[in-house]
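Trainee: Sharing a structure, written as structure tokens. Questions coming.
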Amino acid sequence: MALVSYSSSEEDEGETSEPPGRRLPPLPPPTTVLRMFQDMEGDEDLDENTKHEGRIRSFKHERGNWATYVYIPFQPQEEFLDLLDELVSVAAENGVLLTKMSEFHISQSQTVVLRHHWINPFVESLKDKLHCMYRFLCIAERIKVYTNQEKTRTFLGLEVSVGMEHLLEVVSEVDRSLQEFNLQTFYQEPSFHVSLAWCVGDKYEKLKGSCLLELQKVIDRFEDSDTLTRFNAEEIRCKAGNKTFCIPLL
């Protein structure tokens, strides 16, 4: 809906002017209109969120651009969070203060930029390619350290050891959708993992070596760790700005 302003020359010259006196304040826009613009500009709030806790955007924000990525969610048992607390504690003892992730997943794409009007067509493309895929088992039990491409953040993650072939199949289909929109595809040799915690800066050297061995021992000794680090991939999600779309697997 376009909002059009008219100059005084375009107004009806036959109308009589209002009598002098105090004017009433203008009425507020209808709630439906406000909601419409709130939905269209939801990426403004996202832009502020990406600056939170010192995180740095990997691409310049522009109005109408929506940060978008595809992933498989991992919803852990409560005991898994106890294991994560121990891992964060060991990292702190080695001089690295980590922030636990608020949600857990296995990435199936890089973060790309979608224009608002591309979102629904992109999601439909994903659904068309992924809706016939079956659920599969994932096991992620080996601790590993990662950094983002810009070396501005460091992550502690669990590398996937079972389910690789299925994940590669998903990525192949997601890449096809990305290519349709001339967007960057996933890494050629991906290391599928569940990110557990993160910190600002490049802390790779501090976490590797003896610290990494100590972290792995925590996992190996933790009660029922073999069941806590496995899950069934039951759906694929696409998050675009503040919108999340779910594609269930068979």
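Including glycine, each Cβ sits where the backbone N, Cα and C put it.
Per Swiss-Prot, the feature active site, proton acceptor maps to HIS105; the stated evidence is sequence analysis. Under the heading active site, proton donor, Swiss-Prot lists HIS193. What Swiss-Prot records for HIS105, ILE106, SER107, TYR187, GLU189, PRO190, SER191, PHE192, HIS193, VAL194, SER195 is AMP binding site, and it gives similarity to another entry as the kind of evidence. The annotation UMP binding site is assigned in Swiss-Prot to GLN149, TYR187, SER191, PHE192, HIS193, VAL194, SER195 on the grounds of similarity to another entry. Taken from Swiss-Prot, the feature compositional bias 'Pro residues' covers 22-31. Annotation comment: Swiss-Prot describes 1-31 as region 'Disordered'.
Just tell me what is around each of these and how deep it sits.
Mentor: Sequence-distant neighbours of HIS105 (active site, proton acceptor) (same chain, 6+ apart, CB under 8 A from its CB) are TYR71, ILE72, PRO73, PHE74, VAL194, SER195, ARG237.
According to DSSP, HIS193 (active site, proton donor) is assigned to a strand segment.
Every protein chain considered, the tally of other Cβ atoms within 10 Å of the Cβ of VAL194 (UMP binding site) stands at 22.
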Trainee: Using only C-alpha positions, which one of SER107, GLN149, TYR187 is spatially nearest HIS193 (active site, proton donor)? These are the binding-site residues in the record.
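Mentor: Minimum Cα distance from HIS193 (active site, proton donor) across SER107, GLN149, TYR187 lands on SER107.
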Trainee: Which number gives the other C-beta atoms within 10 angstroms of the C-beta of SER195 (AMP binding site), all protein chains shown included?
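Mentor: For SER195 (AMP binding site), the count of other Cβ atoms within 10 Å is 17.
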Trainee: Sorry to bug you, but what's the C-alpha spacing from SER191 (AMP binding site) to GLN149 (UMP binding site), rounded to the closest Å?
Mentor: 14
Trainee: Measure from the CA atom of SER107 (AMP binding site) to the CA atom of PHE192 (UMP binding site) and give the result in Å, rounded to a whole number.
Mentor: 7
